[in-house]
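Participant: Pasting in a structure now, in structure tokens, and then I'll have a few things to ask.
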Ligand SMILES: CC(=O)N[C@@H](CCC[C@H](N)C(=O)O)C(=O)O
């Protein structure tokens, strides 16, 4: 088994959610410190890490970002190296993202390239978001790359397939957090209560009208409530309900309308069900917009690269706070095929680990080729 598959398995066992990635950071630092240190500078930022590899004759700095957090999902993948943190899992492939980043780092440490390379191990991609804060850090004021690259695993593509497109790749996102407070009581006396299960159910149904009735049919949008918490037992009327969700749009203006409609509907629920409601939109994620010229250059590079198949994909409604890096720095993100029957955020996600070496070789070779300097 290759070193980086072994590392992926170690990291898979210790998934931690945003800004709690303490064991993960320790593991990554142990590995990074085991490399030849002559050219390396390491700085930690919260639970994240920056590693600068000094080039032999640097004119530019090339950034590569990997996210490091896991998700609150109980693993059911059946792999022989399951999560050792009950209730948590690397169900979005960040264990692969990290092992790939360590592979690329090792490659440029062992055979330095001319330019500097900045490896960014970023916490909290799944929430509350680490990219915007890392970008604002004093470290990135000093170490600001000229180009930035990132990838995301794609269960729907085969190993050896790489998919991307110039321009918009991922959606704008905004979280939804709603708390409803009514009046609990006996199930037999509903008229003495304000039932928040009924209010919550009505709220969800009304929220589902937004995409159908408030968004231009030529735009794309998603409103999902992924979590609903209410009630205790069958014969007690629920005093409170909590709903968490997320909204996605390909067009930033459509998000303004989605927020306006969610606010109006929540206010309507307050009046209709005589309850109190609070609404919080959390941390929004800026769309992932690939630099057109750099992405075209990368796509041409992939087309001539042996054993890798380029797929011209469409935009998708996933969100990624890598979008903040791309807002400030020219660069691109791409999908890496990992062929899993179950998709991202599924308890049975089981990416094919052969994809790890495909990505390490492709990105290391792209860096070495200096094609990032070409803007075709
Ligand atoms: C690639 C991926 O699955 N990303 C997540 C990150 C979005 C988090 C955001 N805070 C939200 O839930 O709105 C996704 O769900 O697309």
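Even glycines carry a Cβ here, placed using N, Cα and C.
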Participant: Besides 92, 94, 126, 152, which of 271, 312, 345 does TrEMBL list for that Mn(2+) site?
Facilitator: 345
Participant: Name, in the order they occur in the sequence, the residues of the same chain whose CB lies under 8 A from the CB of residue 126 (Mn(2+) binding site) and which sit 6 or more residues away.
Facilitator: 17, 18, 67, 69, 70, 71, 92
Participant: Of 94, 152, 345, the binding-site residues given in the record, which has the fewest other CB atoms within 10 A of its CB?
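Facilitator: It is 345 that, of the binding-site residues 94, 152, 345, has the fewest other Cβ atoms within 10 Å.
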Participant: In the predicted model, what is the mean pLDDT computed over the domain 'Peptidase M20 dimerisation' (175-267)?
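Facilitator: Overall, the domain 'Peptidase M20 dimerisation' (175-267) comes to a mean pLDDT of 97.
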Participant: For residue 92 (Mn(2+) binding site), just count the other CB atoms lying within 10 A of its CB, please.
Facilitator: 24
Participant: Under DSSP, is residue 67 (active site) part of a helix or a strand, or is it coil?
Facilitator: strand
Participant: Once 92, 94, 126, 152, 345 are set aside, which residues in the chain still have Cβ within 8 Å of the Cβ centroid of the Mn(2+) site?
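Facilitator: Other same-chain residues with Cβ inside the cutoff are 67, 69, 71, 90, 91, 93, 125, 344.
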Participant: For residue 152 (Mn(2+) binding site), just give me the three-state DSSP call.
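Facilitator: It is in a strand.
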